[in-house]
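K.L.:
Straight from TrEMBL, here's the annotation block:
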type   : residues : note
DOMAIN : 1-46     : domain 'PH'
DOMAIN : 68-157   : domain 'PH'
DOMAIN : 163-231  : domain 'Arf-GAP'
DOMAIN : 312-419  : domain 'PH'
DOMAIN : 430-521  : domain 'PH'
DOMAIN : 525-702  : domain 'Rho-GAP'
DOMAIN : 735-824  : domain 'Ras-associating'
DOMAIN : 837-951  : domain 'PH'
Amino acid sequence: MSSVTRVTSIGDQKFEVITNNRTFAFRAESDADRNDWIRALQKTVEDRKGRCLDRGSVFHASGGSFEAVDKCGPLELRGYKSKLYVAVAGDKVFLYKNAEEFRLGIGITYIEMNVGNVKDVDRRGFDLTTPYRIFSFLADTDQEKEDWVEAMRQSISEALSHSEVAERIWSAEANRLCADCGAPNPDWGSINLCVVICKRCAGEHRGLGPSISKVRSLKMDKKVWTEELIEVRALCAAVTTTDLAETLSLLFCGAEVSCSSGDPVCPNPMALAEAAGQRLQMEFLLQNKTSETPQLDVCTSLEKHYSVVLPSVAHNGFLYKAPSMAKLVHERKAREEFSRRWCHLHDGIFSYYESNTSTVPNGEMRVQEIVSLVHNPIDAHGFTSTFEVYVESERLYLFGLDNPEGIKEWVKCIAKSFLPLAAEGLLSHDFERLGRLQYKGGLNLERAKEGWFALEQSTLYAYLEGSEKEEAIHLRKLQELSIQGDNEVLVLVERRRTLYIQGERKLDFLGWVAAIQKAAGSSGDTLSEQQLTDTDVPVIVDRCIDYITQCGLSSEGLYRKSGQNSKTTGLLEVLRRDARKVRLKEGEHQVDDVANTLKRFFRDIGDGLFTKDWLVTSSLEDEKEKISRYRRLLNGLPGVNRATVKALINHLYRVQCFADMNQMNTHNLAIVFGPTLFQTDGQDYKAGRVVEDLIRCYVDIFSVDEEEMRKQQEEITAIMKMRIAGSSSGTQQAGDFICTVYLEEKKTETEQHIRVPATMTAEELVFEILDRRKIVMKEKDFWSCFEVNEREEAERPLHYSEKVLPILHSLGKDSYLVVKRQLSMDSMLLYLASKVGDSKHGMMKFREEKNLLGLGLSTGFHDRYFILNSECLRLYKEVRVSPPNHKPEKEWPVKNLKIYLGIKKKARPPSCWGFTVFFENEKMEKQQWYLCCDTQMELRAWFATFLSVQHGGNIWPSESSKIRASRIQQDSRLGNISLIPLRGNESEMRNSVAAFTTDPLTVRLGLRQQRACRVEQTPLTRHSSHTQAHVCERRGNTV
């Protein structure tokens, strides 16, 4: 609008907008509309003329140059044939057709950088991301791209900053120049030294450390600049107050802020300033309360020096340098690819020269630009020792020497030069990788913080923001290690916290990911080199024991039978590669294969579990002395070995408790595991005796207390009850999963321990629970199994045909299964019966939940228009008359959705009628959001439609299906004889048996017809008091 010179009417319904080089003609629908447009445009033009900081008026031509432009020039925008002319000015980026229109101020559009984000894409490309579009630019050269990225990032900083404080401080003439180098308009300051400095000098001040100079931004650190601090800076910089200058000179000549004044009423300078009403003095003293001042050391010689922290580290010498790279080094670099260079580290700059006599460097890097440092293993490249330097411009520098000590010294000096003082403790470790990373953790996941990390073998040491000391993360003990997003976030899950490490720079981040993944895996064949649990048990052992406990304790010949050799070899190989990712599941893995894998692992382990001293101890006759000696030997084992022995013997103790089923008593287990654990040929019987002693005296040797023993006995009892119950029904199978299911609500007295085979459906689980509690399903009773998520305060009724076992494997610690009536099913069936078609559309309130990375929208509920059909759920911002002609804002396949009833209170739903929706696709990408309805009837209609489209319209079983599921299964011990329920009086029972003897098939068909008629005529409770019995034995015509 600043280029518009005039707006005039040119006839009926027409008007012209005249600019410096073009005239635009417009036609309105009527003369009245034309006049309204003219008035509005003329008013806007007049308003724009009075402003100086808007789009057109940002630029002022002066001989073809534009003073307010930070960077301008042609850039290729993907999607456009010709290059655009782009200008970065202040907090905006402007797009023009060409340089001529840029000069005239006629542009295409501009981008507010307060909502923008710049990200490197490839060698010459970068993206400017906004909420409404992604602008993909392509520069001519790498250097040009870096300049554009830097300019746009500065524009973002400008957009997010506040200039109010800076303007007030600049009002004093002396504050308009940097106190160190004299650069104009300095936007940084040292709050304790009372000087304003430019951005370059602020970096030097940071190198001194916060105890010397406290650097803050005039534009971004708004809260720091109190009224008193602003006045202190203005007075001191303008030299208008002599007492402050005197205080400054005294303080930095050695005077202490907290020195004694000798006055009992005002014991220190702060109190004196307060009593005198000198608020500016008080603010100045407060900011210097913790500052270090140069102190004179008492020396034996006459020479005295200041003990201040040096701002830089100096080192020089010859290094062999490979060409810089923009990608990770995956291949070995030969000696011929390196060039000998004289390298010099001084004053925060690392330079390399052609020779030690050269005066102009071939290249240099500032230590502030270094993001990470890597000390490679010996002989990783053509030279004996090498190290890598990663910088902010996404470049990698590789240096090498044949002198390991020389490389170690270089690594130490470079690390010390860019590591902050607070994190210098990381230098005490023999690290292989050191640097800074963005991370999120703790309770606040909104903002990414900066941390310093050092990787040493399998331990990641970290100095996190707000932490007073370094923290150690044992990578082999992580519960989970995964990458989320497009290789942008590395998730480290420990027992008590989760840490999200973000990739601010792709090249550096990929190096960290590869190094951490390697360090978190198994690195050898000893126990201590395996991935471990929190209790120091190898994850391989834990996975196998857990699976066998759940699925195979009653398997006959457990550990004596050998599984398939090929499957055992393959499973052990997968577990050794990354046991943390392996989930042993029933149906996919056989019990004997897993048992054989566990035995082979112990036989192949490098260090073994036991020594020969254990064999000697087994020969002792005195039982007490033997147990005492075993304890001493156990305590003498390394921590991992000791924890592994206890876990294994505890498992074998449980196995022998099921000896009547698996035929593996203590002696049989000792015969199998003796040679395995001692890695012998089985000739020495003492090895078996040791294992037998450990199992038999498990409680005494391992000092198991009463509480731990009670819990183990309860687990064993529960498992035995399930096995007995399974065997009595003739359907016992080794490998069934045992879980806890609640009836109607989660209470101790309502829990039921259920054996869940791989084929069990939700309907069969419901009838199993009801039969156990002798609950008869009445007419219009819609009993269902619900998956309850306590953390989300939501629940999901399982479809009657849904397999239960996969649900159990996916349940989190805050979830459980409960069987209860589904009260809304009757109304949902009526709705679907009266509904035409299988789709639904309408308005609902929508909110997208922030994920754990702080991504996603979470600004409250908004009205959105939804269309649900058999294929997908579509979301529109507003009501669409003809939706197929419009692209939806979001779209999800129905098959990937899980719909839960309820919304957690923390989300603040506008009504109590809502869903929590989870989405997960084949790429394991997850989303979560909330939908809210205005009425309960509307909620039931949407939920019924969801169930209908996901299950082909079949949301509840027919009556015949219900009878089949509730039918008592035949006892396999009785052969193939069909069991007849005998009802009525004794005469009716005899007639039934006699008829069955004559023609069993006729009776069976008659019973089916009779049973179907009863279901149609009366509720199921009609015969609830009738006696039921089974034919257990038949001899001729006699029962």
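Here the Cβ of each residue, glycine as well, is placed from N, Cα and C on the backbone.
Keep in mind that TrEMBL annotations are predicted by a computer and have not been checked by a curator.
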K.L.:
So which of 1-46, 735-824, 837-951 has the most C-beta pairs under 8 Å when paired with the domain 'PH' (430-521)?
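P.N.:
Between the stretches 1-46, 735-824, 837-951, 837-951 has the largest tally.
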K.L.:
Select the range from 68-157, 312-419, 735-824 that forms the most Cβ-Cβ pairs under 8 Å with the domain 'PH' (837-951).
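P.N.:
Most Cβ pairs under 8 Å with the domain 'PH' (837-951) come from 735-824.
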K.L.:
For the domain 'Ras-associating' (735-824), provide the mean pLDDT of the predicted model.
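P.N.:
Across the domain 'Ras-associating' (735-824), the average pLDDT comes out at 84.
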K.L.:
Under the DSSP assignment, what numbers of helix, strand and coil residues are found in the domain 'Ras-associating' (735-824)?
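P.N.:
Grouping H, G, I as helix and E, B as strand yields 21 helix, 33 strand, 36 coil.
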K.L.:
Tally the residues of the domain 'PH' (837-951) by DSSP class, grouping H, G and I as helix, E and B as strand, and everything else as coil.
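P.N.:
Its residues divide into 24 helix, 46 strand, 45 coil.
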